[in-house]
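Single-structure report; data block below.
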Ligand code: SF4
């Protein structure tokens, strides 16, 4: 069996090249061909020695994921469903905006966390994706979009790990995938333009801060432990006080950043004025200098098994106003790609560049933001 080179970050590829008796710098050339140029055939890689191409042909391959379906919305949002074998599928969603192109990708087939408002959580857990399966979503989307839009330039500027799965429960595959995204010889994305979204796996938040401090989004959804235990069962293991402390520690590794708190607005469950007051108290309790967090309020996308309903928009707006009046940067998501049912879960995609949000904050506290909406069968990730 030959190795799929999408599985490797640059260090891994260098080690692979060394096993073939090649110098490490050959890995950089190979890495660029694969990720920057989308090459799949070693014969295409004209600056590699013929002898190396021969070795690669017998020991390696570059293989993406089979596509089950692709849907494009009138607003340009594109959703792909990828086959990851054994009846499992994961999805990725591309959301174009004037100043960026965001790709939302999956980290697991299914999810073991079981959040009440998330259709992925209701489907249960199948398996972790490999590094190659995570990167294959980006690799395919980037090179497909360049052809589709007829441009030689990079199309995807932001990646959000908000598709199916809890990324921090697939840590060993996640980190090499993040490194490929950030590597200048790979996708060259800025650390602040790659977001990992988590339901709150505290020990792994600490590890991520040390290993690869990309932008962090936390699925909060409740202002107190009683309610959060019910909505996000992982809270029983890592309650709010521990979670907020881990966010503080994370920011020590990324001092100019802030944490995005995702908050899915559920009718009559977590959308009352007292919930907003509790959130304000929670944030003030863990106050840091400057802007250390922002809230992203997400209108719930109802699905029958949840037994939950979307909060009416006036209530969402009133909730946002309470937070913003207390000095908390708050945004409300708008949906995208409704005509292709691009809503793949409840949280898919804080698609705004965080630095821009900070700038806008001075002008406008409540910002209506474009959103990566969830898609039907496959739901949002953490
Ligand atoms: S919201 Fe995220 S962590 Fe919770 S069940 Fe869905 S995919 Fe899993």
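Glycine too: its Cβ is placed from the backbone N, Cα and C atoms.
Feature list (source: TrEMBL):
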type	residues	note
ACT_SITE	344	active site, S-methylcysteine intermediate
BINDING	111, 115, 118	[4Fe-4S] cluster binding site
BINDING	165, 166, 197, 219, 220, 221, 301	S-adenosyl-L-methionine binding site
DOMAIN	97-339	domain 'Radical SAM core'
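Only 115, 118, 166, in sequence order, out of the binding-site residues 115, 118, 166, 220, 221, 301 have a CB under 6 Å from ligand 1.
DSSP assigns residue 165 (S-adenosyl-L-methionine binding site) to a strand segment in the three-state reduction. Of all Cβ atoms in the protein chains displayed, 27 besides its own lie within 10 Å of the Cβ of residue 115 ([4Fe-4S] cluster binding site). Taken as a whole, the domain 'Radical SAM core' (97-339) shows an average pLDDT of 94 in this prediction. Counting every protein chain shown, the Cβ of residue 219 (S-adenosyl-L-methionine binding site) has 30 other Cβ atoms within 10 Å. Put simply, 111 is the one of the binding-site residues 111, 115, 118 whose Cα lies nearest to the Cα of residue 165 (S-adenosyl-L-methionine binding site).
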